[in-house]
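A.B. asks: Dumping the structure here so I can ask a few things about it.
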Amino acid sequence: MRDVAIIGYGQTKFGELWERSFRSLIVEAGVKAVEAAGIDGKDIDEMYVGNMSAGLFVGQEHIASLIAEHAGLNPIPSTRVEAACASGSLALRQAVLNVASGASDVVLVGGVEKMTDVVDATSAISSASDQEWEALFGATFPSLYAMMAQRYMYEYGLTLEELSMWSVIMHENASKNRYAQFPFKVTLEQVLNSSPVAEPLRLLHCSPVSDGAAALIVCEAEKAKEFVNKDDIIYIKASVQASDTIALHSRESITSLKAAKVASEKAYKMANIEPKDVDVAEVHDCFAINGLILMEELGFCKKGEAGKIVYDKKIAIDYDGFPAVNPSGGLKAAGHALGATGIRQVGEIYWQLKQDKEVKDRQVEIKNGYGITVNVGGTGGTVCIHILSDKR
């Protein structure tokens, strides 16, 4: 298998982008990635697009061909990948496998979602849950994650203040991100006093409905040198996917994500590193509780310890001795445009590891040269993890 690298990244702003169309978002992100990589459309061999539900959100299926057309890339192969909120990272995984196998040298991989063009976004999002045993009985993702939070509080003594500090830190980080949906700070009191959604979750514990797109250029490592300087090449050391039950009630435990633990252990082994070697992480904090759980599944701390670590702000950008978590602001504050999220996460790590000027106001200290992303579909039915490094 060949070594695989990222040589360019681009994204749109995330938010309620009423004036933008689905197709214009992904084309903007793709053009930015192509320009950043210093390549031309004719250099691209294939394209993958992560998208959860364009059919429900904008009434458009067959989007892979549509996007290739509007990007001026026909007749290259173009494939859509769907795995709920993990669609973007699974699209990237397919691109990585494609390049590693020798099938292609340069692949454009993007993610996009336009969520504000539908009246009932909640119903569309709920299509990623078990329709017979969850959605049919009125369960929504806020209610499912609320059950996870309640049980976690019961088992480990997590306080609402500890949980809420997650949101405070995410908004602090997002205030330094010009692409973030919520680029402003919030106080602990504001989080605690925000509107109840599903006990114990408040509004400011939840990620928003978002429009947005992101794109990466994935390239064979030797060929990458033809396009960019060596400092702009970041290597993909691991790309791992794992699955679990879609329905939350079918799990052995609702305070852990087994697929995340399995995938992270395999990814660390593939990259030949340990959790302590990670400088920076982007985790799937669709709800604050998931951020805490994923810290534990990634091996950053023991079970039940994440709340205190977060409350002590050890995950902050400027804290020394613990991986910085979600310098972008995470899903919570940077935004969660479903199919684009997995790509955006990897794009942030790419920028961080090469210390790009785009992240100068939120730059993490890079000591070991490793970053990790974890992207989750549903309540953990699909998990995809990528480890990136500035070392080949």
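Each residue, glycine too, has its Cβ placed from N, Cα and C.
Got these off Swiss-Prot a minute ago, pasting:
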- C85: active site, acyl-thioester intermediate (ACT_SITE)
- C206, S207, V209, K332: CoA binding site (BINDING)
- H336: active site, proton acceptor (ACT_SITE)
A.B. asks: Note down the number of other Cβ atoms within 10 Å of the Cβ of C206 (CoA binding site), including every protein chain shown.
C.D. replies: 23
A.B. asks: For the recorded CoA site formed by C206, S207, V209, K332, name the remaining residues of the chain with Cβ within 8 Å of the site's Cβ center, in chain order.
C.D. replies: P208, S210, C286, F287, L331, G335, H336
A.B. asks: For CoA, with binders C206, S207, V209, K332, what's the maximum Cα separation in whole Å?
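C.D. replies: So the maximum pairwise Cα distance among the CoA binders is 10 Å.
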A.B. asks: Which of the recorded positions C206, S207, K332, H336 has its Cα nearest to the Cα of C85 (active site, acyl-thioester intermediate)?
C.D. replies: H336
A.B. asks: Tell me the Cβ contacts of the residue listed as 'active site, proton acceptor' under 8 Å, same chain only and six or more apart in sequence, or just say none.
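C.D. replies: Once residues fewer than 6 apart are set aside, the residue listed as 'active site, proton acceptor' is near F14, C85, S207, P208, V209, S210, C286.
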A.B. asks: What's the number of neighbouring CB atoms sitting within 10 A of the CB on S207 (CoA binding site)?
C.D. replies: 26
A.B. asks: Tell me whether the residue listed as 'active site, acyl-thioester intermediate' sits in a helix, a strand or coil according to DSSP.
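C.D. replies: Reduced to three states, the DSSP call for the residue listed as 'active site, acyl-thioester intermediate' is strand.
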A.B. asks: May I ask you to report the DSSP-based helix, strand or coil state of K332 (CoA binding site)?
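C.D. replies: Going by the DSSP assignment, K332 (CoA binding site) falls within a helical segment, counted as helix.
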